[in-house]
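Engineer: Have a look at this one before I ask anything.
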Amino acid sequence: MAPAQRPLLPLLLLLLPLPPPPFARAEDAARANSDRYAVYWNRSNPRFHAGAGDDGGGYTVEVSINDYLDIYCPHYGAPLPPAERMEHYVLYMVNGEGHASCDHRQRGFKRWECNRPAAPGGPLKFSEKFQLFTPFSLGFEFRPGHEYYYISATPPNAVDRPCLRLKVYVRPTNETLYEAPEPIFTSNNSCSSPGGCRLFLSTIPVLWTLLGS
């Protein structure tokens, strides 16, 4: 007796690709609606010198949530200039005071380093995604209606290599109103979460009742 043949339909169903999970579909939709903004971080870029006498630098980029900022480091091709004439930068994220004074010690932290001006594969590129939430412990979260600041470390010869700085404004979304810019670092004395703040406030009437009894 011939062996029974297995139905082909279940086998064909196993070969069909599975649909992506919901979070993957949301990520793809956000990527499709995002824009990319390029910044060429070198002293020859005239946008770094626009309005330099007003607030310490007029280079401003406006982005929306889920947009990308691409930083392109200085790059040199053959014939290479002398090593001392190549631009090297350490980029920091700072608060408003650090941006105005071009001082990375004003509550700033190192973000990227442009240290390969003669890289054979082209200029170094660093990308910042302006997202509300990040799954990475070392990632940074951004808020609509806020300003964020980037500067490069001031070199010893400030005449030959002026300070470069950038202001990024995150546009408010339809669900948010404009909020005044705040420092990129929050105080350790503030509540770490809305739930914790509500819990603390809810205990105040109980404490007053116990003290008055």
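Just so you know, the numbers here start at 1 and follow the chain as drawn.
Quick reminder: no glycine exception, Cβ is built from N, Cα and C everywhere.
Quick paste from Swiss-Prot:
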{"type": "DISULFID", "residues": "CYS73-CYS114", "note": "disulfide bond"}
{"type": "DISULFID", "residues": "CYS102-CYS163", "note": "disulfide bond"}
{"type": "DOMAIN", "residues": "34-174", "note": "domain 'Ephrin RBD'"}
{"type": "CARBOHYD", "residues": "ASN42", "note": "N-linked glycosylation site"}
{"type": "CARBOHYD", "residues": "ASN174", "note": "N-linked glycosylation site"}
{"type": "CARBOHYD", "residues": "ASN188", "note": "N-linked glycosylation site"}
{"type": "LIPID", "residues": "ASN188", "note": "GPI-anchor amidated asparagine"}
{"type": "SIGNAL", "residues": "1-24", "note": "signal peptide"}
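Mind mapping these onto the model and telling me what they sit next to?
Structural biologist: All chains included, 22 other C-beta atoms sit within 10 angstroms of the C-beta of CYS114 (disulfide bond).
Residues of the domain 'Ephrin RBD' (34-174) grouped by DSSP class, helix first, strand second and coil last, total 13 helix, 43 strand, 85 coil.
For ASN42 (N-linked glycosylation site), the same-chain residues lying six or more positions away in sequence with a CB closer than 8 A to its CB are CYS73, PRO74, GLU87, LEU164.
Neighbours of ASN174 (N-linked glycosylation site), defined as other CB atoms within 10 A of its CB across all chains, total 5.
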Engineer: Across the domain 'Ephrin RBD' (34-174), what does the pLDDT come to on average, as a whole number?
Structural biologist: 87
Engineer: Just give me the nearest neighbour of CYS114 (disulfide bond) among the recorded positions CYS102, CYS163, ASN174, Cα to Cα.
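Structural biologist: Closest recorded candidate to CYS114 (disulfide bond) by Cα: CYS163.
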Engineer: Could you round the CA separation between CYS163 (disulfide bond) and ASN174 (N-linked glycosylation site) to a whole angstrom and send it over?
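Structural biologist: Here the two Cα atoms are 36 Å apart.
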